[in-house]
Amino acid sequence: MLKTQKDKNLENFFSSNNKTKKKKNIIVGLSGGVDSSLSAALLVERGWNVEGLTLWLMKGQGSCCSEGLVDAAGLCEDLGINHKIIDSREIFEREVIKKTTESYEKGFTPLPCSMCNKNVKFEEMLNYAISKKDFTHIATGHYARINKSSYATTLDCKNLVFKEFLLLRGADENKDQSYFLYSLSQEVLSRLEFPLGEMKKEDTRREALRLGLRTAQKPESQDLCLVEHYGSMQIFIDKHIEPKEGEIVHVNGKVLGKHNGIQHFTVGQRKGLGIAWPEPLYVKSLDRLKNIVYVADKSDLFNKEAIISKVNWVSIEEPEQEIEVQAQIRYRSNPVKGTLIPLKNLDNTTTTFKLIFEESQSSVTPGQAAVFYKGEILLGGGLIS
């Protein structure tokens, strides 16, 4: 049978790889997309003994569902590596779907991707690698990087004590995904590889095409896996939370209309309010106890500070004094300068921090992550309260 260019590329790929004398073992998380596919291929090329691992999170369409399982299995067959599927639907239901639902019920706007990374993906991957005993590392297709603490010596690091491993932004500023990884631990970082960390997205696609990977031309997912699965977050919310009628109130006290549940609103929202007012109005805050959506002019959305809870310090020891940071309060937003101040409890332990922005910020949204950087280094992050 006549060989295709794809077959020849893969043959050359494996031929060069087989010259490697000593191999290390690594588990690669595979979603069925081009990023994780190329990560696996590059690790094979670099001499790792690779096994693909796909987590079955939900039934249905999408990269986290049945479609992704099929694509991941086919890729592993092409690369000649083992592929394992773990049924993670129960833990995903408990740690992501349930907690996302609870967060919306409290009037927060949650970040399901961070929940999944912290409590599902990396935990399941690490546990599986440990169970294999001879597998020392794990890898994903995230656009982020890891370095050792010596990297930080070039920075102004007043009041910062760095841990052994540092989490860094990806080299591609437009694709950097470190924001979603602030909850990782040193144990995970010590075993983790990001093969795409130094690459740009266009290079990823080009390299996948060169190698003839079956996922090379697969469209990039533009939404959360929950959106892919349910069709929209509104459908997800309607399926999991009962409607509860309440009032939409201007911050001046005037009742402007009704709503069918605070879970349908987020701070800064303008569209879909269903109210009439001479000037555009935006969601200012959500009162869960009174079931009220407060709205205001855009100028009223700005905050000078925020309280950050459940902070995880991934790259540094917990600071005992105030520190200067660049804070990112939503994905895709530019980091802004701020001062982070520890708030001590009566027993002198720290559970929350006050973030004071150098310049007031609009739509600081409870439930979203505030992630702290020093240059390229992700120091830590927590939830906006």
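Each residue, glycine too, has its Cβ placed from N, Cα and C.
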Residue in Leu55, Leu160, Leu166, Leu167 which Swiss-Prot records at the ATP site where Gly29, Leu30, Ser31, Gly32, Gly33, Val34, Asp35, Ser36, Gly141 also bind: Leu55
All-chain count of other Cβ atoms within 10 Å of Gln368 (site 'Interaction with tRNA'): 23
Nonlocal residues around Asp35 (ATP binding site), in sequence order (Cβ under 8 Å, 6 or more apart): Gly141, His142, Tyr143, Leu196, Thr204
Pairwise Cα distance for Gln368 (site 'Interaction with tRNA')/Cys116 (active site, nucleophile) [Å, integer]: 14
Other C-beta atoms that fall within 10 angstroms of the C-beta of Cys116 (active site, nucleophile): 27
Neighbour count (Cβ, 10 Å) for Ser31 (ATP binding site): 26
Local Cβ density at Cys225 (disulfide bond) - other Cβ atoms counted within 10 Å: 22
